[in-house]
């Protein structure tokens, strides 16, 4: 390579980009302004050396040897013994200390010297450094030993102080016992000479007795000479002797135990048991009767009998009991420190029949707690709910304008969906079964005035909860009223929902293109519902539209946009999303699907979602056209996939950071809901049981299993069908759910003899097999009208027939004749209807029934006839009744069977 090698050429030779080579040259300390400058051989070698040092390689073997000479590593191993205290003994432990030190000679130090060191000088320098290091290690070990010694001395000093305090307390206690014994002993007995053994036996127990300190521990008072005494005196003397000997021997044994275990902070289990046995074992002779009698009345350790005596409470103990939403009777009794039977008795006195394992609600538990004299406080178990609330507060941000949410409400067949069809330029109503809406439809439409989100609600009476849910989450309600029909029941209900939700109302008078349209009639009828048009001086906008030809639709959109501007709708566009579930269903291919309306934040794919008692991760988002948007902002309805189950329509949803929090919140909510449901379903109160016993006689039960395509339809069907129940028949929905009819549904229906209702769903093969083998009544429906009508028919068939009595004729008794064959025969005039033979009759006297029986004989001109009509005279013989009088009325009636209906 020549002297005229440029940077560009050098880069080509080493196969390196020019920019990278310039950077490496700059890092090596050489500055070049461009790739066309010349690189000398010296600069090349300098660059090569820099690159070698950068990659950890020496430039030459000589340099590598010099690098190795700059570094020296010393290994050292040292063995020593350490003594460790282990309870009462000391243990010696061998400790091996290993040290490894590496010394590196710095370049500055080497460059500052005039000449390199000789091997002897290097060895002397290394030995000096080793000696200094060894001295530092010895100083460190000495410092640690002094620290350990000071710590041990502090511990021993603390033990001595504790032992001195114990001895001081023990001395004070013994002095107090001796003073108490002196106060309790009779003074004359202690001062007088002992004429018998009883006073002599009491003498050693006196604190003023002189021989007590010199008396040996094993001495017995029985060895003293004593005069004979009565048996009762001997017993008393034995008791007093035992008590006195106990005091002295216990003191000696306590002293021995104290000396044996003194100065030990931690004792083993065996030592603790031995110390307890020494302190607690009875004194006196082993097996003596006096010792056994003394042990039965009081503890053998007199030092513990005083301070630990039982004191009777002077006031009732009032406990503060924390009660959650529900609590079992056993748990409540444990918190009250009472027996479970006492709590059950208290509940029974309050009229609540509950077992010890049964759950009761918070109000009932609080009442029984107050009844038992304690205080009840509400337990706060909403830990995960608080964390969820904190997440929601963290998501607050800057608010921006959002599109309005408009709910279309009105009566059936007044053109709600058709009006929305025209706005969207699509055909929705033709796709609904029967031409009526049975789901909440959520759509967002981009108009020239901005984005508007529409909610289309059903108008049928069975979908009351759907309409209420739509009015709750909306900003503006558009009330559609047909100009030819006027105000109908569901129209009034929609007005009530809008007023209850506090949202503004816009009335769209539809079908004005029909011949019988009368918009003025609609305005007048809505006046009764306090909906006053602007023409009449009110604040409600009335827009005349035609969903068929499109008349007035633009005016309606202008009115919606104007109302939205007045409301100044704002929401947080970024951050965690939150909103409400509009509808939910179970798709066989996609799993649980929830239609949600985002109210705050932005909902994105991959977010963790908690929705009522369900949770999950958003796997996909779909709009009403089937497209998958990247995210959904405020006031935008979307379908969410990925939840753990089908949520309830109307549940709120919120996005959280992780799946763990979502799962914990969902499980806590499910537990609370299950406990509340158990408490609500249990018939606890006595009056409810008695009422059910009264109603149960003769009441028929129709069991149903309801499966539908969406959660809203399930809810509407349950409410509508259960409302058909009366005193004669009860509609019982044993199971309901979303999705197709499965094998478990068929088994439930077979076990309870229920009818299966499939609303827009079908049964699978296994379910159909069970239905056929068990003869289960399975019916498919797509219109809610047909469901209600057929359930009414089935329920009416269970009711059977009703026997009714119909009066067919009345005869007036004019005279009474006597017959040897029939007895009293009434001569009558038929004044109403017809009287027939062999029909039941009633005899009325002064409009009061005096006899009910059967017509035995009916004659006219001595001839038997089958019937006698109005205005004709006849003779009537009443079977088994001879007390007929003139002026009575004979009422002839017949019993007919009438089918009972709901």
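A Cβ is built for glycine as well, from the same backbone N, Cα and C atoms used for every other residue.
Features of the protein shown, as given by Swiss-Prot:
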BINDING   410-417, 456-460, 510-513  GTP binding site
COMPBIAS  137-177  compositional bias 'Basic and acidic residues'
COMPBIAS  178-229  compositional bias 'Low complexity'
COMPBIAS  279-291  compositional bias 'Low complexity'
DOMAIN    401-570  domain 'tr-type G'
REGION    137-248  region 'Disordered'
REGION    266-314  region 'Disordered'
REGION    410-417  region 'G1'
REGION    435-439  region 'G2'
REGION    456-459  region 'G3'
REGION    510-513  region 'G4'
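Confidence annotation: the region 'G4' (510-513) carries a mean pLDDT of 88 in the model. Across the compositional bias 'Basic and acidic residues' (137-177), DSSP classifies residues as 41 helix, 0 strand, 0 coil. Secondary structure at residue 410 (GTP binding site), taken from DSSP and collapsed to helix, strand or coil, is strand. Its own atom aside, the Cβ of residue 413 (GTP binding site) has 17 Cβ atoms within 10 angstroms in the protein chains shown.
For residue 457 (GTP binding site), the Cβ neighbour count at a 10 Å cut-off comes to 29, with all displayed protein chains included. Counted with DSSP, the region 'G4' (510-513) comes out as 0 helix, 1 strand, 3 coil. Residue 457 (GTP binding site) falls outside any helix or strand according to DSSP and counts as coil.
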